[in-house]
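Taken from Swiss-Prot, the feature site 'Transition state stabilizer' covers Arg18. According to Swiss-Prot, the feature active site, proton acceptor maps to Tyr23. Swiss-Prot lists Asn74, His80, Asp87, Ile101, Thr102, Arg111 with the feature substrate binding site, giving sequence analysis as the kind of evidence. Sequence annotations record features per position, and here Swiss-Prot assigns active site, proton donor to His100 based on sequence analysis.
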Amino acid sequence: MPSLLLINGPNLNLLGTREPHLYGATTLRDVEEMSRVQANNYGIDLETFQSNHEGHIIDRIHSARGHIDVIIINPGALTHTSVGLRDALVGVSIPFIEVHITNVHAREPFRHHSYLSDKASAILVGLGTYGYEAAIQHAAKNMIRKN
């Protein structure tokens, strides 16, 4: 069965309560459940992972090698700071989709640069939590080979 890995980075465990005027009321658990149902509808296995620690995220990316077809990642603040995360994603040679709930380009200037975007297969910003749905749909229809 094809497989996706959904990774959420720092502070995304606070979805639903952290700055709801920016991120909405949907919790991370809601996002993961919705994503699992949607992936299942496409016949895709979905694994989820969230950490506030860069090294743990890098370790999880490394462990995906050989059994994950596509990574969907909302790297949170690591987007703008982590060369290590970029190197991990490039190093495992697994295509990935970068997702951001808010439009990072309409926010503070330090959020405008991503260390990942030039290596991502697709980038979804500013769609709210619908961005996760769109990423799964794109992966299912355009990135995963059906056997």
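Glycine is treated like the rest: Cβ placed from N, Cα and C.
Most Cβ neighbours within 10 Å, among the recorded positions Arg18, His80, His100: His100 holds that distinction in the structure as shown. Look at the binding-site residues Asn74, Thr102 and count other Cβ atoms within 10 Å of each Cβ; Thr102 has the fewest. Residue environment of Ile101 (substrate binding site) contains 23 other Cβ atoms, counted within 10 Å of its Cβ in all protein chains.
Each residue contributes its Cα atom, and for Arg18 (site 'Transition state stabilizer') and Ile101 (substrate binding site) these two points are 12 Å apart.
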